[in-house]
Amino acid sequence: MAPKNHQKYTIKNDIQHVLDCSDVYIGDTAPTARSEWMFDDAVNQIVWRPTTTPEALVRIFVEVLTNAVDNIERSINGGHELCKNIKVDVDLKTGKTSVWNDGQVIPVVKNCDNGVVQPPPPTTEQDRLAYEKLNREYIHTIIFGHFRTSSNYDNETDQVSGKNGVGVKCTNIFSSWFSVVGVDPDRKLKFSQEWRSNMTKSGAPQVVKCALKTGYTLVEYVPDFARFKLKSYPEDVESIFKKLVVDASAFFPNTAFFFNGERTVVKNAVAYAKLYYNLNETAVDSVVIDYKDSKVVVVGSATPLPPVSFVNGQITPAGGQHVTNWSRVIFGALLAALNGKKNVSLTKADIAPYFQLFIHSKVSKPKFDGQNKNCLKSPKVEAHLDATILKKMLKWKIISTIQDKVVKSKEYLALKKIECRRTPIVKVDGYDQANRLGPDSVLIVCEGLSAKSYAVAGIQKGLFNKKGRTYFGILPLRGKFLNVKNTTPLKIGQNKVVSDFIKVLNLKFNLDYRKATNYATLNYGTLLILTDADKDGIHIKGLILNLIHELFPTLFHRQGFIYSMETPIVKILHKKGQPTLFYDENSFEDWRAQHPELKHFKYYKGLGTIGPADVAAFFGSKVVRYHYDEATDAAVNSVFKDENANERKEWLGRFNPRVSQWCLDHHREAVIDLKISDFMHHEMIKFSYEDCRRSLASCIDGFKESQRKIIYAVRKKFRSNSTEFIKVAQLSGYVAEQTDYKHGEQNLCETIVKFAQDFVGANNVQLLEPDGQFGTRLEGGKDSAAPRYIYTKPHKILPYIFREEDDPILEQSSEGEPVHFVPIIPLVLVNGSVGIGTGWSCFVPQYNPLELIRYIEARLTSQDSEALLPAKPWYRNFTGKVAATGPGKFTTFGRMKQVDADTVRVTELPVGMWTDRFKDQCYSLIESGQLQQLVNESTVSKVDFTLKKLQDISALKLTTTLHTTNMVLFDRENVITKYDTIGDILDHYFQTRLAFYKVRKNHTIAQLKNTIQHNETKLKFIEKVLTDHSFLRQDDAAIVSILEKENFLKVDNSYNYLLNISIRSCTATAVEKLQSTIKGLTESLIRVQQTPTRQMWYDELQQLKQVGNWSEP
């Protein structure tokens, strides 16, 4: 059907078509709000900022700049003068914009004289006339003033930015004035021509002679601002244009680029990439990939940016084939590596925001999506990532960020599986659910089943104006509570203790509990933590607070949600009145020092030791309410995050265990408010310190806490009889009974066994004697028999190292155990020490006891002791070699000899390599074809391997390394100290032991004097009885009166020790014996008084050497 209205059809010329359809050629001419990359001179970086500068105004500049940049490649490929300079100038006031370049020049000739064979003339008269006119035009005129003309039409033309024959003509069309100047040094001519009014008016070409030896092309124009709805250039144009010049200078380093007279220097592609990042930001990781015709810079940064890409020097904002292929290769390799290590599947979308790609590809005959050339359509760009570059990238800091943020966020999604719907009954082992669930109910989380019994008894008394099972639920923790900051969500979900805790409270991940509606979904509105009053109890509180901080942080903002119930550690019993309770060990020790008469007190080792009678008095008497403050986040992270280890070292180094920064005993109120940050700094540090006490040895006695408890109990048990063996299992039970040890008797058994081991690499000096299989060098002691089958007793050397004379003056803890022993040789160097504590670890190698004794003897006799410092570690019965191989570094070598051309025999292994491990290593070499045969003739104590046709001796790994760079020990004040050399350790030990002898000497003199006086008084009393027969016929009061008048010595303010003397003690024989005793004591007193302390130590060392019977090093 014909249209009702006639439609008008018009034919537009090329110029009018471009002007009317600008979006087809150069984009929108109207000012529109968008964001654009710009160069900010103030901070010397590329920034992403909003702008209203028309897209088309930028495009017409790009067309001119691209022509100049294309000249770089043309000059190289054409064998012409290289393009050395490109100069851009922009006048914001007048709008005049110019681009100047040298290199390959446009010849100043007419098209017909260009030397190029022209196509046959058109057949129509009109086309023939146009053809002849074009042939009479200069080449400059054709390129810049005629549509669909371009040298790039030539299919042989390679790496340039396009070949539509439009390009720079668009600049001319959208300019009120346009000019081109060209110098041809070969023809010694200079060409110039101007156009006006959107290329509709052109001036005649001007050609003059020119003697310049360097040719150039200069394009200048003034935009037709009216067509862009502007009066002049916007202010940010300069920043936008300069950024485009900087782009080009980055990828063509052999050409100097200038913008408004100033050179834009970008050293390389990496320097260009870093222009996109804040200079104040921590230095980012980067790598450059050069592959075929592409140069790619990959930057690892948490600042998400889209890929920045170029083709032949021209920016491609929408990317294209080159971006797609490089992204696929780079992110594909990263994903394969990351997903291979994790239990979650990452995608490109997960990791791409953490990597910035800068891609520049030189592409032959590129095809774009349009004249704007925003996106490369073809050809396909090849991409490849070398394995060494991938390995480097996997070590970047940003990988840890991805693992922390992206991987964990995905893993936390998996954690949601442990959430449970709110059901009437939550089934968890040992859990007693409150009869009413909701915000008014209280969940008591306690430490094990024994603590549960305390809680069940206590809720009958009640707390928070509630009592009984109506509002109280009880969850006993049955297992290890994880530090959730240093583990994967997968492991968190697999931990039954944590998952039970989450289920019972009905906690939901990513829920904001600051909102009342979300808070009301919890099964309990209050969490009450009930643990033992020891350091492990503090640790459990900290772990629960850490879990909430990491997984449910908004609960910290619910004031009054988290409480802990405290119980006393000591109860003082008085004859009259109420008992005194202490919740802090230091405050108890202070009080005890002021009350030396204290005899009766009860020490509570845990909730299980609190009897039913005490529950009513203790339950709820001290409750701590935890508060979030601005320092909480940093405090929790500093205590629990692995990366804060160095911070914890400083933290522990400042800690004084004898001073409580926060003390419950200073608070009389029932509910005490405590900031979580204060709990971390003042309470958690007690556990961290205690953890180090368990893991790190003392510089003075060489013992960790459990080792010290064992020796204390052994000396106590075998004081009267050291000849009978005892089962290791029985001894561990005795140690646990006699000391304040709470960590399982199995650990004690292992430590007892190690004290008695005598194979190479174990003890240089055994402290316990073995009877049974205590382990061999076959498995490094792991092959010992079960503790119930093996026996031990003190080694004969034990009393010579730990002198009985020392016992009365050893500093004791509140449990009556030594804070540390003071052996007569530095055991920490004799037997070495290895341990890992909170923030600290330690390794001290072993040294020959004879060498250490010689050093001490030299210091005692004021000889040159420095020369006698042990030069290297020493291990008893080790027949290999120990050599210094660097500062603080020693290497131990096994022994091997060549039997014949095909056979070697190994007769010693390096320290720390066990026989069976070496055997397994050799079998692996046989399986891999590096060894033909192994003959094993080793015994439990000797190494003997014969190897046939070994290809590479180094594969045996017959060396181990010992270091003296991490000798971290407790000093005499129990402060964690890192010792740089064994000389430092020896000096600290020597000063301590020598001072100890002075104290011991004074104590011994006082004790001898007291004993002599006591015996002399007894002798005087006996002699009085024997000479005054009427003396005992009087009553007690008269006798006491006489004794007082005659100044008889009282003991404990009485004369009972005299009045209770038996008749047998009053015989002449007894008197003679007592006189002999007094004489012996007096001689001992004189001997002690006359013996210098240094001589005392020296003499005891001689006794030790005789018993030790050690071999020379």
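From the backbone N, Cα and C atoms, a Cβ is placed for every residue, glycine too.
Sequence annotations record features per position, and here Swiss-Prot assigns ATP binding site to Asn67, Asn101, 150-152, 162-169, 371-373. The feature domain 'Toprim' is assigned by Swiss-Prot to 441-563, with sequence analysis given as support. Annotated Mg(2+) 1 binding site per Swiss-Prot: Glu447, Asp532, in sequence order. Residues annotated as Mg(2+) 2 binding site in Swiss-Prot, with sequence analysis given as evidence: Asp532, Asp534. Residues annotated as domain 'Topo IIA-type catalytic' in Swiss-Prot: 696-1101. Marked as site 'Transition state stabilizer' by Swiss-Prot on the basis of similarity to another entry: Arg788. The active site, O-(5'-phospho-DNA)-tyrosine intermediate feature in Swiss-Prot is assigned to Tyr789.
All features noted in Swiss-Prot, drawn onto the structure.
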residue	record	Cβ neighbours (10 Å)
Asn67	ATP binding site	20
Gly167	ATP binding site	26
Lys169	ATP binding site	26
Asn372	ATP binding site	21
Glu447	Mg(2+) 1 binding site	24
Asp532	Mg(2+) 1 binding site	24
Asp534	Mg(2+) 2 binding site	19
Arg788	site 'Transition state stabilizer'	10
Tyr789	active site, O-(5'-phospho-DNA)-tyrosine intermediate	12
> Given Arg788 (site 'Transition state stabilizer') and Glu447 (Mg(2+) 1 binding site), what distance in Å do their CA atoms have, once rounded to a whole number?
Replying inline: 29
> What are the DSSP helix, strand and coil residue counts for the domain 'Toprim' (441-563)?
Replying inline: 56 helix, 22 strand, 45 coil
> How many whole Å apart are the CA atoms of Asn67 (ATP binding site) and Asp532 (Mg(2+) 1 binding site)?
Replying inline: 81
>> Tell me the Cα distance separating Tyr789 (active site, O-(5'-phospho-DNA)-tyrosine intermediate) from Asp532 (Mg(2+) 1 binding site), rounded to the nearest angstrom.
In response: 34
>> Measuring Cα to Cα, how many Å separate Glu447 (Mg(2+) 1 binding site) from Asp534 (Mg(2+) 2 binding site)?
In response: 12
> Between Gly167 (ATP binding site) and Asp534 (Mg(2+) 2 binding site), what is the CA-CA distance rounded to a whole number of Å?
Replying inline: 81
>> Going by Cα-Cα distance, which of the recorded positions (Lys169, Asn372, Tyr789) sits nearest to Asp534 (Mg(2+) 2 binding site)?
In response: Tyr789
> Can you tell me how far the Cα of Tyr789 (active site, O-(5'-phospho-DNA)-tyrosine intermediate) sits from the Cα of Asn372 (ATP binding site), in Å?
Replying inline: 88
> Once the DSSP letters are reduced so that anything not helix or strand counts as coil, what is Asn372 (ATP binding site)?
Replying inline: coil
